[in-house]
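**Student:** Have a look at the structure that comes next, please.
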Amino acid sequence: MAWSALTGPCVALLLLFFGLTSCTPSGPASATCATLEQSRFFGVFSSTTTLPSTPCSWTLQNPDPRRYTVYMKITKPTDSCVPRQIRTFQFDSFIETSRTYLGMESFDEVVRLCDASTTVTYLESSKQFLQIRKVAPRNGLEIVESDGSEFKAEFLVVGKRNPSMPACQMLCQWLEKCLSSSTHDYPCGIMSTPCQCWEAPKRKPGSCYRGGVYVEKCVGPVDGRGGHVLGLEAEDECGGGVQVRSRTCQPEDVVCEGTVEEGRACNPQACIGKPTQRNRSQGLRAIRILTFFRPSPCFLFPTEDSKTDEWSPWSACSITCGEGYQGRTRVCATSSFTAQCTGPLRETRPCSNVAVCPVDGAWDEWTPWSLCSSTCGRGYRDRTRTCKLPQNGGEPCRGPTRQTKFCNIAVCPVDGSWNEWSAWSACSASCSNGTMQRTRECNGPSYGGSECHGGWKETANCFLKDCPVDGRWHSWSSWGSCSKTCGGGIQQRQRACEGPFFGGEPCPGERGEQKRCNEKRCPEPHEICPEENTGDVVWKKTPAGDMAAIACPADAAGLILRRCSLDAVGLASWESPAHIKCVSKNYENIQTLSRDYISKAQMGQSVDGVAEVISRLRFSSDEGTKYSGDLLAIMEMLKNTTELYKGTRLRLSNADVVNYIQTISNLLKEEHHDKWEEVQLMGASVKEFFRLVEDFVNMLGVQMSGFQDVYEVTENFVLSIHKRPTATNSNFTFPVKGWRGMLDWVRNSEEKISVSRDALSIKESDGNDAFVTGIVLYRNLSSILSLQSNSSLLNSKVVTVIVNPTTTLLSSPVEIEFPHLHNREKKNQPPPSGSSLLGSWSARSCRSVPVHSFRTKCVCDSPSTFAILARVNFDSIMDKALLPSVTLIVGCGVSSLTLLLLIIIYVSVWKYIRSERSVILINFCLSIICSNALILIGQTQARNKVVCTLVAALLHFFFLSSFCWVLTEAWQSYMAVTGRLRNRIIRKRFLCLGWGLPALVVAVSVGFTKAKGYGTVNYCWLSLEGGLLYSFVGPAAAVVLGITVELLRGSASPGTHLDVCRPGHHRPRWPLPRCLFPWAPTSTHCHPTPVRATCRRCLNTPATPSP
């Protein structure tokens, strides 16, 4: 069995056929160093290449444990060996989540890699995976490996049925060596093989097989013709051989017919465990056929006799001791002319040696294998053999007298046990605090054993060094207070930088940040409500448009609000305090209770006691409310109660329904009229009230069992709820006058509401088998809603129609007939108006059918809240405040007539009074007359925004021109006194100052303000807001200052030389007596004197200043 002759071809063939596959094994010791062998039936590897580092693993996967068995041969290291560093296991599977090996079984007891008593060890694996793992040493020190610490391994996968011949040859060699080296302390790791491994004993000279029995001395028997068989010998013990035997012819005086030697095939069984030495196609070797003849007296030979050679010398005795044989031979030389040779060609004779033969020791047969030492788990069994002692100096028996191998006849319950912890992983952080981990695997449990106790992962903190920490900004602080309350201020905020530490970068960016605030214009002193003390309450200064707040009285919680607003003339004034945020203590307690119930319902907790809330709310509202905030609190509590009944399985009792309806009625008491007015003036809307009533009707309709009606009458509204099947045969009319307990206001009401049965057609396919109709007639809600508009009011009572399921458009319209509440000085809008839940009135989907001047019928296609909306007729009833007052008309009229008369007089005598001062006076009068006319017109055009803006701009222009013409007169007087008034160019300057400067100021003001502030809702003049008024006050103050300066300069300048005209000139005289016109101007210019006149000096008095 020469392994060297077959190792190379077989290994090369297996590697070429199956290939090499490596991937991550199931349950590796390390994810970075792991090898998995799959689909390989033979392989060789060394530890230095396969397990280069720690931890590391090599795993072989059995293709099918039911069909194959894995065998492994491990050549132990020749030098140093670290105990328990190389671990060998077999297991069924690996669970990654719990790091558990199922069916784990260790081979460390079998392998004993560091046991130097043997150089080679063998093992047998019958599970899914076979793993060799290299683990880190316990002390954590790195082991420096040398060439002598390397071990090599060979694995062989053999089929349990019909194993291949190459695999069996190798396995039988391993088994022979494993058993030969096994001891009681070191059993063989190969427990069983699927191959038939046997070996024939060694042949001795002269031995042979007879009948399958080995015979050491083969002496040929005498056949029927006296031929003696010299021997029958098998050339091969297996694989097909040839047995040969020879014989001699006896007696010598007869002729023996037949062959001297013959052969036959033998040992046809295949050789197992040994290489084949001969070609299997080789046939039997050629057999020499020799015929022996004896001479006969009657036989005639040819003339030439055959020649027989002489006998050869006797050969040496076949054995050196005991009895043996000697032989000799001769050759017969014959030809076609000679006779055959007579006599044998070969002769034998016995021989004996005096010396006694040594007899070697011989092994008896092996005894059967003993029983396994363990009833479950790994044990061992052995067998023995005895040696027949050698004689006469023979060789002793060679080989072991005992063979031991492992056995495993049954499985034992194996408790799970932890493997050693792996080495700690690298720190998760290269600096500062980090963590490191180590893991371990659980072996088992197997066959019903207990689980491993404890965790498979362990974490520990680690610290390598301090990390460089960059500076980090903390959150911005809140914005500080504005540096100014108005007019544009600055707000600042800061943030702190934490760090840097250990060489980190500083915080990027700025430490502080600022922004502008309070950009709104600062209110003028007249736009700020002053501080006001009313008893114990102090209202602080507040700009117009803002609200001030103080605490409510002791019997309420919340705040009292008070708004500062501008009046009609632009002055800030306080409005009345509003108590919409004040809630009385008794209502506050009920409100808190209802909010707690809502919170419990939202969290899914059971709610009990809602009926008590409704009852307490009803009795508290019966006693009345003290603040407008109480009304809003009651509405909130009713809304919360409705949500509780809709969101839970609670049901309303009859008492709850009565209390709920009575509470709604209490909200509409006449004593609450001023409180509703206060609520609406502060921005609240009655739309929430309508939504509250509609939600209650819908909720009550859902809880109504069967088809029934609810009819409730209170002092402030009447409610009717009907639940009917989808196919109803009756119409609904409302109100029902004959109902028991009917109040007088309902009995005397003239409203008629009719809902046709066709309007309530609902398809059953929608999943609804009933519908709910609710109708509400309010007694005095129209007076509350009228507070929302100054230009319109409700001219009827308010009716709400509710249909559930809600439909966008009804199949048949709802008809509501309203009597008018107001018939004088009111103008009803053409369509009746409905209100959506958004609170805006709209005539969409409604049309009016006038019955007569006192009644109107509304026909609407959708359910909602309805009423007749009336508009005040301003054509017949004009606000008297819009007409100019008598004083204003008389004053402006007299002033304008006087100035007009003055202009007429000036024009009539213009040739006598023509001068610069006269021109200035006429322009001044024109500006005053235009201003008076615009004042009278602007009082009646305040509602026309365009005309009012134009009137305000013209008034601004003419008022400024009046001041500018006064300044022009002062300028002219100064120039006349100083003698600088000599040509007409100066008059153009007067016109530019009187008309051009005002036009420039007005144009700039309009351009900057885009005409905003020209005209208000009450008058056509400059608004006090926005500072536009200073565009008039400023120039007017500058004109007054200029007049004062010019007068002072003129009075200080001497002018006596101006009284004398130069020769040939004179001053014209006033043609009328001065007693009549003392203010009449005197010409300041000297005119040429006619030639015919006598030349004289003209003495004239200074001009009289005009008024």
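Each Cβ is built from the backbone N, Cα and C atoms, and glycine gets one as well.
Unlike curated records, TrEMBL annotations are generated automatically.
Pulled the feature table from TrEMBL, pasting it below:
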SIGNAL    1-23  signal peptide
DOMAIN    516-586  domain 'G-protein coupled receptors family 2 profile 1'
DOMAIN    717-876  domain 'GAIN-B'
TRANSMEM  881-907  transmembrane segment
DOMAIN    884-1041  domain 'G-protein coupled receptors family 2 profile 2'
TRANSMEM  919-938  transmembrane segment
TRANSMEM  950-968  transmembrane segment
TRANSMEM  989-1008  transmembrane segment
TRANSMEM  1028-1048  transmembrane segment
**Student:** Mind checking which residues of the chain, 6+ beyond the ends of the transmembrane segment (989-1008), have their Cβ under 8 Å from one of its Cβ atoms?
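**Tutor:** Non-local partners: 916, 919-920, 923-924, 927, 953, 956-958, 960-961, 964-965, 967-968, 971-972, 1014, 1028, 1031, 1035.
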**Student:** Would you report the average pLDDT that the model assigns to the domain 'GAIN-B' (717-876)?
**Tutor:** 69
**Student:** Counting only residues 6 or more past its boundaries, what in the same chain has a CB within less than 8 Å of a CB in the transmembrane segment (881-907)?
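**Tutor:** Counting only partners 6 or more residues beyond its ends, the transmembrane segment (881-907) has Cβ contacts under 8 Å with 913, 918, 921-922, 925-926, 928-929, 932-933, 935-936, 939-940, 942-943.
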**Student:** For the domain 'G-protein coupled receptors family 2 profile 1' (516-586), what are the DSSP-based totals of helix, strand and coil residues?
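**Tutor:** Split into helix, strand and coil, the domain 'G-protein coupled receptors family 2 profile 1' (516-586) gives 5 helix, 33 strand, 33 coil.
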